[in-house]
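Working notes, beginning with the structure itself.
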Ligand code: GLU
């Protein structure tokens, strides 16, 4: 048997890819990618009523945006149904499962009686040890023979050893009376057949693990390494709600967080590596380990997300960032950038990416590069274009016109101009921002001049001064 790590993400396609699911996917991806392993994707679509192709599409899109690529084909659990049934039949043939002919009424009567006597209401079927000759010609379910004594221990990498008394496990149904396999069976068979070595998933599945272990044991299959991760809570420690950020990942894309920042933040949500907050994908892949996952629920915090997002924007390669910005515009239904604007933005990216925490903030800073003449100052900027300011601009413009258009020279000209008039440079900056960008908050005036070039800069200054 190969020792290659194989993880999987196994979402149920009943809605968007929410933030908790995205984190689960990320943890599995990091674990596999950091170990030269495989990361598989299985869509758990056996619930035909609740599963929709749109939801599958949304999950695939969300993973794609987050950059969590999977190996091999997307697996549909539903399509494996025949194999799930085959395993149940094998257990039946080996006497590890049995046909149970009890009717719903009989099961209910058993429970009522148990309740009345103060006993466990877990159903104990009289058919467990019934001889086949006694089987009626009637509908039946197939149940697994749960171990009757002792304990089941889940050796969980996050929760530690979780012990469950076997008398708390019932003879779980494997095949329903219409012959369809149950979900719990499907998960185990698929995980086994896909060669999954590590199951990292939400701790809402911890109880399932004990029941799933019955199937592994009955089949004599290796149990995967389990890691049940605590769910994500809101900043107030309560269950994550929409208000807290329990949204589809597509909403985060639309809010303008870069995927790298999102990955970094989600990795930190419940996992840590010392005090490291900001890290690259390569570092995360190298560092990620199950031992670093916390036992208590992580709290979602937009401030931290913003902070990391800003750091990733600043650290991004200019071309890649521009590309992602274009994808952001497309995702939010904004018109695509013209070729000219793409060129200017590419030139401007170096001075846009510092200090912008999200793409909307970056676009705000990019106003000078995106706007066309004549520049329309907003209300704040217009205050910097009163008569005095306009005459200052009119005087300054010819000086700039003769500058060599290097940063040093532009700075020199502006400073000299201010000094000669006993003016603080700040007095000059406001009108320049207003003239060049129509905004009060912009990148540095020299960066704007360098990006726009001499001709465009002079034209904008002349427009404003006139
Ligand atoms: N389909 C399950 C879910 O979406 C995950 C099952 C598993 O990871 O074993 O919650």
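The backbone N, Cα and C atoms fix where each Cβ goes, and this holds for glycine too.
Unlike curated entries, TrEMBL annotations are predicted automatically.
Residues annotated as ATP binding site in TrEMBL: 242. Residues or ranges marked as domain 'Glutamyl/glutaminyl-tRNA synthetase class Ib catalytic' by TrEMBL: 4-306. The domain 'Aminoacyl-tRNA synthetase class I anticodon-binding' feature in TrEMBL is assigned to 325-464. Per TrEMBL, motif ''HIGH' region' is recorded for 11-21. Positions annotated as motif ''KMSKS' region' by TrEMBL: 239-243.
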Would you mind listing the long-range same-chain contacts of the motif ''HIGH' region' (11-21), meaning Cβ under 8 Å and 6+ residues beyond its ends? 43-45, 47, 50-53, 55-56, 58-59, 61-63, 202, 231-232, 240, 245-250, 252, 266, 300
May I ask for the residues of the chain that lie six or more residues beyond the motif ''KMSKS' region' (239-243) and have a Cβ under 8 Å from a Cβ within it? 19-20, 231-233, 300
For the domain 'Aminoacyl-tRNA synthetase class I anticodon-binding' (325-464), the number of residues DSSP places in helix, strand and coil: 101 helix, 0 strand, 39 coil
Let's see if you can do this one: DSSP helix, strand and coil counts over the motif ''HIGH' region' (11-21), in that order. 3 helix, 1 strand, 7 coil
When secondary structure is assigned with DSSP, how many helix, strand and coil residues does the motif ''KMSKS' region' (239-243) contain? 0 helix, 1 strand, 4 coil
